[in-house]
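Novice: Pasting the relevant annotations from Swiss-Prot:
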DISULFID  C30-C61  disulfide bond
DISULFID  C40-C51  disulfide bond
DOMAIN    27-69  domain 'CHCH'
MOTIF     30-40  motif 'Cx9C motif 1'
MOTIF     51-61  motif 'Cx9C motif 2'
Amino acid sequence: MPGRTPTYKLPPLPRLKVKKPVIKQEANRCLVLMSNLLQCWSSNGHMNPVCEKLATDLKACTSQNVMGSNQKPRKSTINYHAARLYDRISGKPHD
């Protein structure tokens, strides 16, 4: 069949691996509260009673996280799932 273009296959990979997986980190709650408090103060004036709830929330948040969180940073699971599902996505022929 001279009219068909040849199809090229990629060489098989020993494993599928992402070198630097990016984990979406959630925003620090205390930083969000502090930003809201500063914005409230700039709009309403320093120590305005309108901003009192934000100030107490920020104090509570910072007292809970005095020494930082003891949680380890989460590892990405992309490489685990890529290895687990490699047979399905590598294009191997079916039974």
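Including glycine, each Cβ sits where the backbone N, Cα and C put it.
Relative to the rest of the structure, where do these features sit?
Specialist: DSSP assigns C61 (disulfide bond) to a helix in the three-state reduction. The Cβ of C61 (disulfide bond) lies under 8 Å from the Cβ of R29, C30, L33, each of these being in the same chain and 6 or more residues away along the sequence.
C51 (disulfide bond) is surrounded by 21 other CB atoms, counting those within 10 A of its CB over all protein chains shown.
Look at the domain 'CHCH' (27-69): DSSP puts its residues at 32 helix, 0 strand, 11 coil.
For the motif 'Cx9C motif 1' (30-40), the residues of the chain that approach it from at least six positions outside its boundaries are 48, 50-51, 54-55, 57-58, 61-62, 65, judged by C-beta separation under 8 angstroms.
Cβ atoms under 8 Å from those of the motif 'Cx9C motif 2' (51-61) belong to residues 29-30, 33-34, 36-37, 40-41, 44 of the same chain, restricted to positions at least 6 beyond its ends.
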Novice: Which residues in the same chain, at least 6 apart in sequence, have a Cβ under 8 Å from the Cβ of C40 (disulfide bond)?
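Specialist: C40 (disulfide bond) has long-range Cβ partners N48, V50, C51, L54.
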